[in-house]
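Peer 1: Pulled from Swiss-Prot, these are the listed features:
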type: BINDING; residues: 70, 74, 77; note: [4Fe-4S] cluster binding site
type: BINDING; residues: 114, 145, 205, 277; note: [2Fe-2S] cluster binding site
type: DOMAIN; residues: 55-282; note: domain 'Radical SAM core'
């Protein structure tokens, strides 16, 4: 088993290029963040065009298959049982309801269907329904992704045997900032689950949330962690905090949109073959800022009116923006010639 390791923070001055072999110290990533904006965007677009069609964006739809009542205390999350957000816990959806939602997602142009459950980890009694969902969605011709919390080795193997394409398990933030957001799950717990997913042969979807009050260096620490996973994730969702009433982070000041765009660009440069996804919080960006995100190297986004328990730009707005920018929806496996 390849054991993911926490990357140490280093403060020495560094060159602009990534040290061989593909190793990004936090100081390297900070240096990218601090480039003049136009230089950073130019470099990110160059890297993007080396590996991807710059005018193709993959569309994913996310469905909450089990909402609320989560044992974890993630400070950003409305689904935590530790927070009073007015969200009621629900049981796991039945398979037919999930497949109906997947059919609707495909009809709306999505090529990947992601299923999220709010719990610390799935129980064995859940696995038959979960694997049936995976098989059913794949039969519709969609890529499959699940985010179910921590996994045991056997659970990862069961999902792999069912044909799961991607498993999402975010690092959320840097190791240094992590303790200010979450106390019920360790950073190493997250890394261990990523190892189990890799060992089972499932592609990794792993990113984080920015705008939680972290510093730029701590944002760089998240990107460093992601880029130094061996290998780095095939799919990297970047979330812009949605400050939900009733959560500990409800009063957090919004992140400067240009800092969000910078984060997309830095993710593209440090993980050149990854699919970089605009995820939660996209509604907070106007059309011009979303266009900048695509220029910075984002080539996937969550598509649909709801992301778990937060709103998302309406599909008609997305289609209109694509038309204005000359962007087309693309199948995930057709995005890159080199991925």
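Cβ coordinates are placed from backbone N, Cα and C, and glycine is handled just like the others.
Distances, neighbours, how buried they are, the whole picture for these features please.
Peer 2: When secondary structure is read from DSSP and collapsed to three states, residue 74 ([4Fe-4S] cluster binding site) falls in the coil class.
Listed in sequence order, 58, 60, 207, 235, 236, 237, 238, 298, 300, 301, 302 are the same-chain residues six or more apart from residue 277 ([2Fe-2S] cluster binding site) with CB atoms under 8 A from its CB. For the recorded site, residue 277 ([2Fe-2S] cluster binding site), the DSSP three-state label reads strand.
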Peer 1: Rounded to a whole angstrom, what is the C-alpha distance between residue 205 ([2Fe-2S] cluster binding site) and residue 70 ([4Fe-4S] cluster binding site)?
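Peer 2: Given the Cα positions, residue 205 ([2Fe-2S] cluster binding site) is 21 Å from residue 70 ([4Fe-4S] cluster binding site).
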Peer 1: How big is the Cα-to-Cα gap, in Å, between residue 70 ([4Fe-4S] cluster binding site) and residue 114 ([2Fe-2S] cluster binding site)?
Peer 2: 18
Peer 1: Taking the Cβ of residue 74 ([4Fe-4S] cluster binding site) as the centre, how many other Cβ atoms fall within a 10 Å radius?
Peer 2: 22
Peer 1: I need the neighbours of the [2Fe-2S] cluster site defined by 114, 145, 205, 277. Which other residues of that chain put their C-beta within 8 angstroms of the C-beta centroid, in sequence order?
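Peer 2: The answer, listed by sequence position, is 60, 62, 112, 147, 166, 168, 235, 237.
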Peer 1: Taking the Cβ of residue 77 ([4Fe-4S] cluster binding site) as the centre, count every other Cβ atom within 10 Å, in any protein chain shown.
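Peer 2: By my count, 26.
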Peer 1: What residues, ordered by sequence, lie under 8 A Cβ-to-Cβ from residue 114 ([2Fe-2S] cluster binding site) and sit at least six positions away in the same chain?
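Peer 2: Same-chain residues close to residue 114 ([2Fe-2S] cluster binding site) (Cβ under 8 Å, separated by 6 or more) are 60, 61, 62, 63, 144, 145, 146, 147, 166, 168, 302.
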